[in-house]
Amino acid sequence: MKMRFLGLVVCLVLWTLHSEASGGKLTAVNPETNMNVSEIISYWGFPSEEYLVETEDGYILCLNRIPHGRKNHSDKGPKPVVFLQHGLLADSSNWVTNLANSSLGFILADAGFDVWMGNSRGNTWSRKHKTLSVSQDEFWAFSYDEMAKYDLPASINFILNKTGQEQVYYVGHSQGTTIGFIAFSQIPELAKRIKMFFALAPVVSVDFCTSPMAKLGRLPDLLIKDLFGDKEFLPQSAFLKWLGTHVCTHVILKELCGNLCFLLCGFNERNLNMSRVDVYTTHSPAGTSVQNMLHWSQAVKFQKFQAFDWGSSAKNYFHYNQSYPPTYNVKDMLVPTAVWSGGHDWLADVYDINILLTQITNLVFHESIPEWEHLDFIWGLDAPWRLYNKIINLMKKYQ
């Protein structure tokens, strides 16, 4: 399968080069393809700030901030704070890569919120450590356990100290909800600092997941390591950027690139802004660790919401003081929670969502959008009126 995919990529590259040489029709490349997140924010006329935060275990994370919108720049008073946390293989650009009137980060800023966007360890913008380098295996020895235990507390506490606020609204997408459910159920002091949890396409159990990722997850751990190594998994690269700006801007291949975005999550291509595909693909995937993917593989195999299994009783005892990984209990989380799910979501399957809903102690709202898949929550053309306006209304209701 790996060779077939490589062959397909080579064919696309050769065909693109031939097409360009013979005058094949390309659409204009969006300027954001070569921008970082701060530059994208500034490009759309919003104020942009960037901060580096060190976690308890030494990782250095990048936080992006939009302190106010274009419409309310004269209001210097404190604003309610929103923290946006991306999903698996993603980064903070997810919240600002659509047009300004359809990206949640920009919409919240214009609605009067102080918007902060996190970057999980190991992605494009969080590849530094106090003592380790990305060339060392030790740097990549993490999964969503550490993102919940270290990344979220460090980021949220920094934001509260910087803004002087006592609480934040937390918006998570996909794995951003996973680490939220873990952190807010395991760390009561952190949970008290969350005014409301907005869970978009939440993923806790993957018992009914139909994504190709689930098939990958059923492979033996040793085979996954043999295929992908021990370090990073699907990082953003110069080659991926080249594909995004050359292959994905070709009139004929643009739709193929759009469909590749849906390959792991479900198909709803009519709800994707095809003129933005080059921006999406030059920022995502943004990478994670192979160990994080192994953790998701374990979730598929064991069908449990639990910490990473280190593979032996001795190693588990070293990490957890017990011979098996501890389980996470969503019911222990008391944060008011609103959930949105999609009827065609291959990752956050309807049946898994129904199980999760019974476990949320303080569920204040749930809506299922029948036609939506996993990426509609961040890039859907109809997301502003079907989702984002409702999020803002709930924030104002529970302020």
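Yeah, the Cβs are placed from backbone N, Cα and C, and that goes for glycine too.
Features reported for this protein in Swiss-Prot:
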- 1-27: signal peptide (SIGNAL)
- Asn36: N-linked glycosylation site (CARBOHYD)
- Asn72: N-linked glycosylation site (CARBOHYD)
- 80-380: domain 'AB hydrolase-1' (DOMAIN)
- Asn101: N-linked glycosylation site (CARBOHYD)
- Asn161: N-linked glycosylation site (CARBOHYD)
- Ser174: active site, charge relay system (ACT_SITE)
- Asn273: N-linked glycosylation site (CARBOHYD)
- Asn321: N-linked glycosylation site (CARBOHYD)
- His374: active site, charge relay system (ACT_SITE)
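Among the recorded positions listed here, namely Ser174, Asn273, His374, Asn273 has its C-alpha nearest to that of Asn72 (N-linked glycosylation site). A straight line from the CA of Asn273 (N-linked glycosylation site) to the CA of Asn101 (N-linked glycosylation site) spans 13 Å. All protein chains shown were included, and the count of other CB atoms within 10 Å of the CB of Asn161 (N-linked glycosylation site) stands at 9. Summed and averaged per residue, pLDDT over the domain 'AB hydrolase-1' (80-380) gives 93. Taking the recorded positions Asn72, Asn101, Ser174 in turn and counting surrounding C-beta atoms within 10 angstroms, the largest count is reached at Ser174.
Ranked by how many other Cβ atoms sit within 10 Å of their Cβ, the glycosylation sites Asn36, Asn273, Asn321 place Asn321 at the bottom.
Restricting the glycosylation sites Asn36, Asn101, Asn161, Asn321 to those with a CA within 10 Å of the CA of Ser174 (active site, charge relay system) leaves an empty set. A Cα-Cα distance of 25 Å separates Asn36 (N-linked glycosylation site) from Asn161 (N-linked glycosylation site). According to DSSP, Asn36 (N-linked glycosylation site) is assigned to coil rather than to any helix or strand. For His374 (active site, charge relay system) paired with Asn101 (N-linked glycosylation site), the C-alpha to C-alpha distance reads 20 Å. Residue environment of His374 (active site, charge relay system) contains 28 other Cβ atoms, counted within 10 Å of its Cβ in all protein chains.
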